[in-house]
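This report refers to the structure that appears directly beneath it.
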Amino acid sequence: MPLESLSQSSISSTSSIRTDTPILGVPLQSTTNKTLKTVLSDSWINLLYLLFVFIPLGYLAHGLKWNGTWIFILNFLAIIPSTRLIVFVIKDICLRADQSVGGLLNATFGNAVEIIVSIIALKEGQITVVQAFILGSIISNLLLVLGLSFVAGGILHKKQEFNKTAAQTSSSLMTLACIGLIIPAAFISFADKIKTSSNDKLHEEELINLSRGAAIVLLIIYILYLLFQSKTHTHLYQDEGVIEDDEQPQLTLIVSLLLLVVVTVAIIFSAEYLVDSIEGIGKNSGLNKIFVSLILLPIATNATVHTVTATTLKNEMNLAINYAVGNSMQIALFVSPLLVILGWIIGQQMTLFFQTFETIALFISVLITNYLIQDGESNWLEGTMLLATYIIVGLAFFYNPNNS
């Protein structure tokens, strides 16, 4: 919410001082009192304050070695408000820079929670959890978040329009990322036909090398996309920028950085305890860890649902598409290959090979999303199609007997 406008007398008395230039510093109209008031009065964060109590409860449950189900539930609920707050802080920091720098900061730190959870699971050698979580984050943005936004916007607006070229660019990049995951699956399928005891290890090494090479290519494509978005074709994204004309930073830079550090540390501990309890919740509740990692974890770490829904209600569809499809594209082109490179560095054999069933689910999600956004228009029925697809995918992973 923008700050209250200064009175005419205040403006005239300080007319010689510029206060509207977005710089990486503290705006003159931002004070500590106003900063605290902003954080405490934000309606969405205020509703989530009730969930902040689960942060110490999650730590306590882990320290006292409670039942694995309780550890998972408490830390699951603790991550939800932490994720929303860290997005709020990052957005406020981005408001201090111009559009290109703000877009770069948002692209780098917009998926900070997903990166933190994935790195923790990767460090512990839970490759299956990492892959399922990454896949689930992509699918939830494409089907759940975008579907809810189409339905919410369609209730108030008969038809909503958005920049078709920018949307198709993001969806095309998602298709490329999908190809990067299909090729390793096809490679393994072919290798299994000629699999023998002598060349089994050789195929495994070839898959790792293929994944690392593909990861480097995807990272390069992502960097080129940032150049395309912020330099050469900025006109396609003018309505999707991080900064709105009437929006100003609501926090001082010091408070923003302090909140960013504190919340990040809180997320690190909650995520570590959450990942450690996945096996426990599987044993106690019967839920397999693939379903937990692919469906439940992305719901906790996805902070774009409220933002996307709010923008569609205001008929700002370009921004909504950028959040939902763009966030999926960032996870596929940046987070996923980054984890492969990090696994290479720390000695974990993280690959881009997903099981055939998981790869098909991703392909279906990308396919239906591309079909629905190619005309540059949306309505509530298209949203229900996306939600129906998400429910079917979730049921499939819930009942899949190979998820043990």
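Heads up, the Cβ atoms here are built off N, Cα and C, so glycines get one too.
Note that this is a predicted model, so its numbers are computed, not measured.
For reference, TrEMBL has these:
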- 44-64: transmembrane segment (TRANSMEM)
- 68-230: domain 'Sodium/calcium exchanger membrane region' (DOMAIN)
- 70-90: transmembrane segment (TRANSMEM)
- 102-122: transmembrane segment (TRANSMEM)
- 128-152: transmembrane segment (TRANSMEM)
- 173-190: transmembrane segment (TRANSMEM)
- 210-228: transmembrane segment (TRANSMEM)
- 249-270: transmembrane segment (TRANSMEM)
- 256-396: domain 'Sodium/calcium exchanger membrane region' (DOMAIN)
- 290-313: transmembrane segment (TRANSMEM)
- 325-346: transmembrane segment (TRANSMEM)
- 352-373: transmembrane segment (TRANSMEM)
- 380-399: transmembrane segment (TRANSMEM)
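According to DSSP, the domain 'Sodium/calcium exchanger membrane region' (256-396) comprises 117 helix, 2 strand, 22 coil. With a cut-off of 8 Å on Cβ pairs spaced 6 or more residues apart, the transmembrane segment (173-190) and the transmembrane segment (325-346) reach 3 or more such pairs and are scored as touching. Only sequence-distant pairs (6 or more apart) were considered; of these, at least three Cβ pairs between the transmembrane segment (352-373) and the transmembrane segment (128-152) are under 8 A, so the stretches are in contact.
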